[in-house]
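> Before I ask anything, here is the structure I am working with.
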Amino acid sequence: MNSEDKHLRALELNSWQLLRLLQAQLSGLPCRNFPCDAFYDHQSSGSTDCNHETEDMLCCLYMEATTLYTSWKSKRGFEWKPVKLLALGLATMFVSTVILSSLMFCRLREIYHGGKQQSLNLNDSMNGWSLDETFILSVILILVSSMTSSSMVEEEHYIWYFLISTFYLLLLRKTAQSLCAVRFQSSFFTQNGQSREGYFRMCFVFLLLTSGRVLRGWHQGGVNWTSLPDISKWLEQAGSQHVKSLQLISAFLVISIGLFALFSIESKGKCFQMVRLSFLISGLLVLLHITKYQDYTFSSTNYGATLLVQIIYAILGVATIGTVVALPWVIPFSTSKICPTDNTVSPLFLSIHEKFPLLELRDSLYVIGWAYVLCWCLLQLLLQQPINTTPILLLLLQILAGTLYFARSGTHHKEWVEIAAFYYLGMAGHFALGNTNTLATIDVAGAFIGISSHSTLLSGILMFIITYASPMFILLSLVMYISMKNMAHLVIPEKAGPGDHLMMMLGFSCLVPLVINSILLTAYTVVLLLMQNHLFVWSVFSPKYLYVCATAVCTYIGVFIVAATGFYAYFVLVMRKQKPYSC
């Protein structure tokens with residue numbers, strides 16, 4: 001603000017105060033009935049009729065100050081809301097949304113309507129339009145339509161809980177239908193095997209429903225019903241000992257699940273031994289930190305606790321990055337599989353493997369995916385509030401149940417539906433951890449864990465990790481999902497090239513989150529521009545837009561990690577396979 005603007009502002013304030021004072025002293029002050037048009041006429045003609053009397057002169061001075069201040073506000077408002085920049089930004093969002101949606105549509109048309117599926121004689125459900133696909137698309141429409149209501153924005157978590165639970169019920173319905181179809185169409189031996197798989201899938205759906213219901217009741221978020229009881233409040237009222245016990249049990253189970261997955265790998269190479277040992281040490285140090293330093297609601301900030309957390313950060317970083325970089329170079333080429341999935345190695349998959357190292361790629365991505373998942377879980381056990389340790393365990397169980405369900409379902413669900421379901425699961429988990437669309441629920445205290453001196457950048461990164469624990473958790477787990485999902489039916493071996501195989505592995509995993517996020521970001525940008533004069537624009541719509549933008553950043557980072565991991569592992573393995581001595 002320059003000196004001229006300051007003088008105009010002071011003139012307006014002083015004139016307003018003087019007018020109020022004169023109105024209190026002079027009951028017949030004519031300013032309220034002052035003819036503004038006549039005033040402007042006097043201004044343009046240079047007339048000084050309003051200066052004949054003291055009251056008229058004061059009114060003229062006040063009106064002049066008001067006019068100048070109105071002009072100043074219009075000028076400043078235009079500077080803060082440049083129409084050209086806003087139009088350019090909005091047009092860029094629209095163009096990016098159209099481009100991503102077009103790529104998605106072309107990929108869908110190429111796979112499901114380009115003759116590949118028919119030539120491979122796959123399940124007919126892959127070529128039709130099923131109820132779960134319609135529901136996945138309707139979720140986006142429901143979210144966009146709810147953005148225009150301040151109450152719906154404040155209570156958005158209820159929308160996510162309802163939608164994700166409804167999708168689980170649709171999965172249960174589809175699994176039951178497939179079981180009924182198997183009984184009527186298959187032979188006895190085939191029926192037993194497929195029925196067993198169907199019952200396994202039903203168990204996974206029930207696990208998703210149960211864990212989702214517990215997550216829904218863990219925190220009573222939003223604005224209007226925060227005072228209602230929830231599981232976290234009950235535990236806090238029961239005492240710190242109950243919270244501590246549940247925290248230790250949950251942390252132990254999370255670490256045990258991750259280590260069990262890593263130790264179940266058959267390979268005994270030195271690289272795998274180092275990965276297991278690094279995460280085992282990290283898990284034990286996290287348990288030590290929880291036992292010794294973490295209190296009822298926060299972590300200790302003394303020197304010993306800070307040093308221990310910094311050591312854990314270093315070990316996790318070295319172990320995770322080392323696994324990503326070194327594993328594709330040292331993994332052996334063989335026909336045996338590392339990842340314990342139920343998908344059999346089909347002749348189609350083996351024919352593709354003759355050209356490209358898909359088995360080794362899946363094995364590498366399986367180990368790297370578990371390294372990502374376990375690293376992220378250990379970070380959350382350190383940074384999250386003690387009451388949120390159990391939700392981290394439940395989120396891990398949901399990810400595993402969903403991944404195993406889709407891996408066992410084969411071609412019953414299209415890949416883009418599965419990826420979209422994971423994305424929705426991450427958003428529901430975001431609110432299940434106690435987050436809302438208000439800035440008051442951001443965990444600021446956890447952003448200083450392990451930091452010995454003040455650093456705005458490091459604290460901001462830790463705050464971002466805490467706030468977006470669930471969405472990033474889901475995106476990182478997509479690496480593991482890719483390794484466990486058999487996608488060989490998406491390519492034709494005779495026409496396949498390196499680009500086709502990379503697109504087969506990474507196409508939907510990268511495109512689907514970007515498309516959904518782009519649609520929601522563009523839609524809410526339009527909503528915010530329309531609601532700029534709304535009564536709750538600063539208390540509801542603006543904080544929500546900050547969360548939407550941060551979610552976009554989280555999505556871009558997660559998709560970049562998934563894509564970079566897949567590209568790096570694939571090109572390293574292809575380069576190794578082309579060397580005669582590598583086999």
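Every residue, even glycine, has its Cβ placed from backbone N, Cα and C.
Pulled these from TrEMBL:
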| type | residues | note |
| --- | --- | --- |
| DOMAIN | 134-266 | domain 'GPI ethanolamine phosphate transferase 2 C-terminal' |
| DOMAIN | 381-565 | domain 'GPI ethanolamine phosphate transferase 2 C-terminal' |
| TRANSMEM | 85-108 | transmembrane segment |
| TRANSMEM | 158-176 | transmembrane segment |
| TRANSMEM | 197-215 | transmembrane segment |
| TRANSMEM | 245-263 | transmembrane segment |
| TRANSMEM | 275-291 | transmembrane segment |
| TRANSMEM | 311-331 | transmembrane segment |
| TRANSMEM | 365-383 | transmembrane segment |
| TRANSMEM | 389-407 | transmembrane segment |
| TRANSMEM | 419-451 | transmembrane segment |
| TRANSMEM | 457-482 | transmembrane segment |
| TRANSMEM | 502-525 | transmembrane segment |
| TRANSMEM | 545-573 | transmembrane segment |
> At a C-beta cut-off of under 8 Å, are there same-chain residues at least 6 beyond the transmembrane segment (389-407) that contact it? List them, or none.
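Answer is 171, 200-201, 204-205, 207-208, 211-212, 214-215, 218, 246-247, 250-251, 253-254, 257, 341-343, 373, 377, 380-381, 413, 418, 421-422, 425, 429, 432-433, 469-470, 473-474, 477, 480-481, 484-486.
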> As a test: from 158-176, 245-263, 275-291, 365-383, 419-451, pick the stretch that has the greatest number of Cβ pairs under 8 Å with the transmembrane segment (502-525).
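Per the Cβ count, the answer is 419-451.
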> So, do the transmembrane segment (245-263) and the transmembrane segment (365-383) meet, by the test of 3 or more Cβ pairs under 8 Å (sequence gap 6 or more)?
yes
> Taking a Cβ cut-off under 8 Å, which residues six or more beyond the ends of the transmembrane segment (197-215) line up next to it in the same chain?
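Residues 161, 164-165, 168-169, 171-172, 175-176, 178-179, 182, 231, 342, 391, 394-395, 397-398, 401-402, 404-405, 408-409, 428-429, 432.
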> What same-chain residues lie close to the transmembrane segment (85-108): Cβ under 8 Å, and 6 or more beyond its ends?
416, 503, 507-508, 511-512, 514-515, 518-519, 521-522, 525-526, 529
> For the transmembrane segment (311-331), could you work out the same-chain residues 6 or more beyond its ends whose Cβ comes under 8 Å from its Cβ atoms?
267, 269-271, 274-275, 278-279, 281-282, 285-286, 289, 360, 363-364, 367-368, 371-372, 375, 378-379, 382, 450, 565, 568-569, 572-573, 576
> Looking only at the domain 'GPI ethanolamine phosphate transferase 2 C-terminal' (381-565), what is the mean pLDDT?
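PLDDT averaged over the stretch: 88.
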> For a three-state summary based on DSSP, what are the helix, strand and coil counts in the domain 'GPI ethanolamine phosphate transferase 2 C-terminal' (134-266)?
111 helix, 0 strand, 22 coil
